[in-house]
Amino acid sequence: MGKYHSFVNVVALSLSLSGRVFGAIGPVTDLTISNADVTPDGITRAAVLAGGVFPGPLITGNKGDEFQINVIDNLTNETMLKSTTIHWHGIFQAGTNWADGAAFVNQCPIATGNSFLYDFTVPDQAGTFWYHSHLSTQYCDGLRGPLVVYDPDDPNASLYDVDDDTTVITLADWYHTAAKLGPAFPAGPDSVLINGLGRFSGDGGGATNLTVITVTQGKRYRFRLVSISCDPNFTFSIDGHNMTIIEVDGVNHEALDVDSIQIFAGQRYSFILNANQSIDNYWIRAIPNTGTTDTTGGVNSAILRYDTAEDIEPTTNATTSVIPLTETDLVPLDNPAAPGDPQVGGVDLAMSLDFSFNGSNFFINNETFVPPTVPVLLQILSGAQDAASLLPNGSVYTLPSNSTIEISFPIITTDGVLNAPGAPHPFHLHGHTFSVVRSAGSSTFNYANPVRRDTVSTGNSGDNVTIRFTTDNPGPWFLHCHIDFHLEAGFAIVWGEDTADTASANPVPTAWSDLCPTYDALDSSDL
């Protein structure tokens, strides 16, 4: 770590070569984190920004690349925290657990006025990912953006003609009050932003600019849909067009035709859109499950515009979805079978997580997650190897190496009270993808070819979503609700995977070791 160490020449070159929707950078780049005012929906507020923009710049690379992303912390607004970390959502970080970015699990935060180099390779993954602050609720204030790893040998390449910066679509909830200053559990966002623009339906809003995505009639587009949400899930659709899903959370899946996609916080889908309709403008809709849930006046909307169509807003009407996405219809393209034996409990270790809520905090197995002062990885490197020795007490579970693991998330109602209010809760596992052998809304188990992903909705009362994965990646890995306000309220645990081999598998750089002493020396006003 150092004072403003910079790859600025590389960044300048990257920016000069892009200049498209997001202004793509990477895989070697600076990423400066700073505060600035933004007005994405007609209302101005201070925000936490990556690269000075919302959403943050698209970061790209190819399968097999080494990513070297130098995060420079220039934050000055203490109401949104001056420190930061960056999590690379969906990247396995095999051998680089220290670069996973979860504050107080994998690292101490980067102090304001300092920088830290995230240096990791992506040898066997390609697809659609994203990055965000993983410190408290900071990403709700703006620090979030898309990340794409391209595959030069993409098995689906014959299905589309266009896949570039212009075909990335981000969906974000937006709040006019800083997360630390607002309610612990907001009732809903003030607006929904599609590629960083949206409309606010309240006072001071109005007909602000919306994102326009342009297509050419006759071409096939691979759109990469990324939910960078802090809370709501969205029902996404494009008037007059079906979508063919080919990728789920960085995993190729068999082609599946749908006309709407319910996408939860942290999830991603690639879909093919065939621009085979009349030259015109069509509404793109992303309706949240909380807040304003219609599209009157262009809220929750963007525009799909065919080349040569008039520069006007669409007049298309929403129709009832007839082939909505159903998670159980998604089938992985390669090696589709779930780990373990094809029967209930047919794994080396099975565990059911007991959720509860006391009005202010969420609990898993009667413990609410309170971030430790010493990161879990540092605890392991310092000699703590078993759950009894690892902090926070009761929130760290050790997992054996090279084992099959089954985790269940029962959502139950007792005496009229839901064990986890605010459902459905999307749960994200760091360091892995998993097979969803029982999905929300389903009572059956599928061990032969279940969807494989890294973020799953745990559904509503009566659901018992069940996942399986293999412990092949030593290190501490966060498992948490991706509604960021719920994570802040303790809805998380840590898997201490193969603690005995964690140190040898994850050699840490000196700069990582310097993070905690620097952070621990900060005045409370600089945290």
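Just so it is clear, glycine is given a Cβ too, placed from its N, Cα and C backbone atoms.
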Residue among H241, H253, H425 sharing the Cu cation 4 site, where Swiss-Prot lists C481, H486 as binders: H425
From the disulfide entries in Swiss-Prot, identify which of C230, C516 pairs with C108. C516
Can you match one of H430, H432 to the Cu cation 3 site that Swiss-Prot gives for H134, H480? H430
Listed as N-linked glycosylation site by Swiss-Prot, one of N77, N464: N77
What subset of the recorded positions N77, H87, N242, N366, H428, C516 lies within 10 angstroms of H134 (Cu cation 3 binding site) at the C-alpha level? H87
Indicate whether C230 (disulfide bond) is helix, strand or coil by DSSP. coil
Looking at the recorded positions N233, N242, N402, H482, whose Cα is closest in space to that of H87 (Cu cation 1 binding site)? H482
Cα within 10 Å of C230 (disulfide bond): which of the binding-site residues H89, H428, H430, H480, H482 qualify? H482
List, in sequence order, the same-chain residues at least six positions removed whose CB sits under 8 Å from that of N366 (N-linked glycosylation site)? D354, S356, G394
Cα nearest H428 (Cu cation 1 binding site) among recorded positions (N77, N156, N242, N358, H482) -> H482
When you measure from the Cβ of C108 (disulfide bond), how many other Cβ atoms are you left with inside 10 Å? 25
Please report the distance from the Cα of N317 (N-linked glycosylation site) to the Cα of N242 (N-linked glycosylation site), rounded to the nearest angstrom. 15
